[in-house]
Amino acid sequence: MILKSLSLLNYKNFQSESFVFNTKINCFVGNNGVGKTNVLDAIYHLSFGKSYFNPVSSQNIKHGEAFFVVNGDYEKQGAEEKVVVSFKKGQKKVIKRNGKAYEKFSDHIGFLPLVIVSPADSDLIVEGSATRRKFIDSVISQGDKVYLDHLIKYNKILAQRNALLKYFAVNNTFSQDSLDVYNDQLNEYAQPIFKKRQAFLEVFMPIFQARYKAISKGSEQVELEYKSDLFEADFKTLLKQTLNKDKAVQYTNVGIHKDDLVFNIGEHPIKKFGSQGQQKSFLIALKLAQFDFIKQQSGVNPLLLLDDIFDKLDESRVAQIIKLVDDEHFGQLFISDTHADRTERAVKQVHQSYNIFNLNA
Ligand SMILES: Nc1ncnc2c1ncn2[C@@H]1O[C@H](COP(=O)(O)OP(=O)(O)OP(=O)(O)O)[C@@H](O)[C@H]1O
């Protein structure tokens with residue numbers, strides 16, 4: 001899959017800008033704040049219908065303007081595809097594929113597979129479990145519509161159950177029958193989500209371990225440990241057991257919305273025991289494994305976005321990454337870097353064609 005060209009209208013710091021891309025490597029260089037990451041984010045937007053860095057759509061509109069439009073022309077499996085994302089303040093966001101608006105954004109997810117490697121990935125290590133669940137969900141969802149559908153439904157019912165718990169508390173009332181309706185529905189979607197997360201990790205773990213080994217050249221063993229309440233007991237039993245607590249805090253305390261992924265190095269959490277270099281290698285390995293997994297599932301080469309990664313790595317790891325992307329295994333690449341010289345030196349070593357876009361005015 002190739003992104004042939006991109007045009008932006010009032011997207012973040014860009015008023016009107018367009019790019020025609022190289023089919024292999026595209027680099028955006030320029031000073032801090034010039035908009036390199038914003039271009040990558042616009043490409044991300046076309047795949048996921050939202051920004052990777054700022055999910056508040058109105059804040060993606062250029063200051064002082066009322067709307068933004070991002071337009072991408074792709075070639076996928078021999079067909080031309082035109083995807084346009086537009087958003088006007090006070091209105092619903094619109095995603096169109098070849099002129100036809102999607103009714104459900106979730107139908108678009110996975111159509112333009114993409115993996116982004118960014119300094120913001122460190123959130124996966126330092127932040128709470130929600131960030132890691134989002135990672136698992138985004139990897140599985142890109143190749144599994146049913147999973148995404150179940151997840152959306154689960155979250156909707158969860159919100160309704162929480163609202164009911166609040167209603168009980170405010171009105172000093174309770175109805176087990178009403179709660180059971182939600183418990184049954186939650187259970188119906190929790191089971192397949194739980195099973196798919198388990199199955200996903202079984203396939204994903206060896207891919208990830210191989211990637212880590214290739215980048216780090218180290219002997220340390222890394223693993224991803226899936227934690228879920230549902231390993232403890234049947235979900236409906238768990239809901240019964242936590243009922244008093246749920247009533248007290250007016251919130252559902254057990255379920256797959258509490259799942260976590262523990263990142264271990266040598267059997268200890270990397271958050272506490274990994275060096276900075278090990279943490280960076282871990283995150284890059286995680287993202288490259290995501291690439292491998294999506295490619296394996298979809299048969300399509302995802303776009304690979306490398307945001308500011310040269311800054312975060314020592315020379316030997318940069319060389320290692322460059323060697324990796326030289327492989328035919330990877331498709332089209334988009335790289336951002338502050339140093340034009342460094343980028344050019346790095347991509348010159350690769351036996352592929354490239355374009356460098358200097359965004360300095
Ligand atoms: N809604 C918006 N309207 C106008 N400008 C915006 C908006 N959102 C972000 N910006 C601007 O975009 C710029 C940041 O762009 P970006 O993060 O792409 O920079 P960068 O070139 O990647 O920089 P760095 O090298 O520091 O990572 C900032 O100057 C910021 O003020």
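Counting starts with 1 at the first residue shown.
Backbone N, Cα and C define each Cβ position, glycine as well.
Feature annotations, courtesy of TrEMBL:
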- 3-348: domain 'RecF/RecN/SMC N-terminal' (DOMAIN)
- Gly30, Asn31, Asn32, Gly33, Val34, Gly35, Lys36, Thr37: ATP binding site (BINDING)
Exercise for the section: Could you check which of the binding-site residues Asn31, Asn32, Gly33, Val34, Lys36, Thr37 have their CB within less than 6 A of ligand 1? Expected result: Asn32, Gly33, Val34, Lys36, Thr37
Completion exercise
Other C-beta atoms within 10 angstroms of the C-beta of Gly35 (ATP binding site) total 20
Exercise for the section: Count the Cβ atoms, other than its own, that fall within 10 Å of the Cβ of Val34 (ATP binding site), considering every protein chain shown. Expected result: 18
Problem - Residue, out of the binding-site residues Asn32, Thr37, whose Cβ gathers the largest set of other Cβ atoms within 10 Å - result: Thr37
Handout entry: Set of same-chain residues at least 6 away whose C-beta sits under 8 angstroms from Gly33 (ATP binding site)
Key = Asn13
Practice task
Determine the mean pLDDT over the domain 'RecF/RecN/SMC N-terminal' (3-348), rounding to the nearest whole number.
Solution key: 93
Exercise for the section: Tell me the Cβ neighbour count for Gly30 (ATP binding site), meaning other Cβ atoms within 10 Å of its Cβ, over all protein chains shown. Expected result: 18
Practice task
Please work out the number of neighbouring Cβ atoms within 10 Å of the Cβ of Asn31 (ATP binding site), leaving out its own Cβ.
Solution key: 12
Completion exercise
Apart from the site residues Gly30, Asn31, Asn32, Gly33, Val34, Gly35, Lys36, Thr37, the 8 Å Cβ neighbourhood of the ATP centroid comprises Asn38, Ser336, Thr338, Leu359
Exercise for the section: With H, G and I counted as helix, E and B as strand and the rest as coil, say where DSSP puts Lys36 (ATP binding site). Expected result: helix
Fill in the blank from the handout: So Lys36 (ATP binding site), by the Cβ count within 10 Å over all chains shown, scores 23
